[in-house]
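Visitor: Structure in C-alpha cells, see below.
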Amino acid sequence: MQLADILHRITIVVAAALIIGGIVVACEFTVLIDAVVDRMVALRPGAKTFGWWAKPPVEPRISLYIYNVTNADDFLSNGSKAIVDEVGPYVYSETWEKVNIVENDNGTLSYNLRKIYSFREDLSVGPEDDVVIVPNIPMLSATSQSKHAARFLRLAMASIMDILKIKPFVQVSVGQLLWGYEDPLLKLAKDVVPKEQKLPYEEFGLLYGKNGTSSDRVTVNTGVDDIRTYGVIDNFNGRTHLPHWTTDACNTLAGTDGSIFPPHIDHDRILHVYDKDLCRLLPLVFEKEVMTSNEVPGYRFTPPEWVFADVDSHPDNMCFCPAGKPSCSPNGLFNVSLCQYDSPIMLSFPHFYLADESLRTQVEGISPPMKEKHQFFFDVQPKMGTTLRVRARIQINLAVSQVFDIKQVANFPDIIFPILWFEEGIDNLPDEVTDLMRFAEQVPPKIRVALIVGLCTLGVILLLLSTFCLIRNSHRQSTLHLEGSNYLATAQVDMNKKQNKDNQPARY
C-alpha cells in the first residue's frame, strides 16, 4: 500500500509537470523560435544568410520609361504646351554584389556595392540606339541657377551658349541619355572652373558612373549583438547623418538598403530605406498582407501619402526645406538638388502619383496615375525581415526657371518638366530561400500546437488515471475494512454464544 501511494504521488507530479509544460510552450515557444530566427539571420561571415546578403541570388531588373518631347520647336517658339510621348520600357537586368567586405570590431560590416547593368533588348520596346528628344538638363540647370546672379553673368552665359550652339532640348539615344554623352557645357567647365568646384564627371548621363563598383563605403550593423539593428546603416562614407536638412531626425541614415530589415515585423512597424539618390531616409508603412507566387506570406509596405507632401499639408516636412517656406517643393515633389550639385532635380512618383493634378497637366501626353502601375512598394517576409518583392518606382523631373536675359530659354516657362520614370525591383526569390521562409513561417506554429496538445493531453490522461486509481484504491480499502468489521462481529457473536453455553448449569 505504501508503494502504491508513492507511485500515485509521482503520477500526479508528472501529470502536473506535463500540463505546466504545455502552458509554458503556449506562452514561451514563440520567444524560443524568435531567438533561433535571430541567430539564423544575423550577418555572420560563413553563414548561408551572409552569402545571400553579400551576393543576392536574385535577378533585379530596372525598366525605364522616357518622356520624348514631340513638339520642342512649337513649345519654344509659340508658347504651346509641351507634348510628350512616353516610350518604354527599356529594360536592364542587374547583378548585385557587396565587395571589399570588412568585419569590424563593433559588430558592423563595411563594403562597396557593385552593380552591373545588362541591356535586355528582348524585354524592351527597342534598342538602346532609339533616339529621343528631352530637355537639356546641364543647360537648363545652369540657366535656372543663374536666375538670381548678376545680369552681366546671364548675358555672358547667353553668349557662350550661342557660340557653342547649345539648345534647350537635345536629341540623344536612350543609351546616351542613361549612360552618358559629351556635353559642351561640362567640357567647358572642366577647363575654366576651379579644381575644387569641378563636377566629378566629364559626361552627362542619368545613370552615369553607376555601372560598376561604387566608391561609396557603406557600414551596416550585423545584428549579432542586437537584432533590432540588423542591416541598419551605421555610417555612409563615414557619416552617420546627412548634412543637408535642418534636423537630425531628417538627416539620419538609420535605415537599411531595402534588401533586409530587422525581423519580427508587425503592422505598426515603420520601415526605413536609404538610397543615396533619394537624398533622404524613405519611410514605409504597412498597407496590407500579401501572398507571393510561391506561397510565402508577406506584408506590403509603401511610402505614406505625406512623404512628399507640401509643408502646409504636412508641417513635419519643413525640415526638408532648408531655404525656407517660399522655396519649398510643391505637393508631391521632393527637391534633391542638394545631392545633385545644385541641379534643380525634383523627384516624384511616376505620372505624379500622389501629387497635385496641376503638375501632370503642365504637359500633354501623361495619362492619369494608376496605383497598380505607379505605386512604390516593398513586400517583406515579417518573420525574417527579408524582402520578397519590390517595385521601387520613381520619376525624375527638372524644375526649370524662366530667365529672360538668356535668349535661348527666354520662352521656356517656369515648369516642372518630367524627364523619365523607372521601376527597379525583383519579382521573386529562389526556392532555396523561400523554402526556408515557409519553414520558419509554417512549421514552428504547427510544432507549438502539437506540443501544447500533446503535453496537455498526456498530462490530463495521467491525472485522470491517477484519480481513477485513487478512487479504486479507496473503494478497495473501504471494502476490506467492511469485510474485516463483519468478520470481527461474527467472531464476537460466536464467542458470546460459546460463553453463554459454558455458563449454563449442567443438567442431570
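Each position is counted from 1, following the chain as shown.
Glycine is treated like the rest: Cβ placed from N, Cα and C.
TrEMBL does not curate its annotations; it predicts them automatically.
From TrEMBL, for reference:
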type: DISULFID; residues: Cys250-Cys319; note: disulfide bond
type: DISULFID; residues: Cys279-Cys339; note: disulfide bond
type: DISULFID; residues: Cys321-Cys328; note: disulfide bond
type: TRANSMEM; residues: 12-33; note: transmembrane segment
type: TRANSMEM; residues: 449-471; note: transmembrane segment
Visitor: With a 10 Å radius around each C-beta, find which of these disulfide-bonded residues (Cys279, Cys321) has the fewest other C-beta atoms nearby.
Guide: Cys321
Visitor: Expressed to the nearest Å, what is the distance separating Cys319 (disulfide bond) and Cys279 (disulfide bond) at their Cα atoms?
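Guide: About 13 Å separates the two Cα atoms.
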Visitor: Restricting the comparison to the disulfide-bonded residues Cys250, Cys321, Cys328, which residue's C-alpha is spatially nearest the C-alpha of Cys279 (disulfide bond)?
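Guide: Nearest listed residue in space: Cys250.
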Visitor: Report, as a single number, how many Cβ atoms besides its own are within 10 Å of the Cβ of Cys339 (disulfide bond).
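Guide: Cys339 (disulfide bond) is surrounded by 16 other Cβ atoms within 10 Å.
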Visitor: In Å, rounded, how far does the Cα of Cys328 (disulfide bond) sit from the Cα of Cys250 (disulfide bond)?
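Guide: Cys250 (disulfide bond) has its Cα 15 Å from the Cα of Cys328 (disulfide bond).
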Visitor: For Cys250 (disulfide bond), which residues of its chain lie six or more apart in sequence with Cβ-Cβ distance below 8 Å?
Guide: Leu242, Arg280, Leu281, Cys319, Phe320
Visitor: In whole Å, note down how far the CA of Cys339 (disulfide bond) lies from the CA of Cys321 (disulfide bond).
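Guide: Cα-Cα, rounded: 14 Å.
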Visitor: Among all the protein chains here, how many other CB atoms are within 10 A of the CB of Cys328 (disulfide bond)?
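Guide: Cβ-Cβ neighbours of Cys328 (disulfide bond) within 10 Å number 18.
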Visitor: Within 10 Å of the Cβ of Cys319 (disulfide bond), how many other Cβ atoms can be counted across all chains shown?
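Guide: There are 17 of them.
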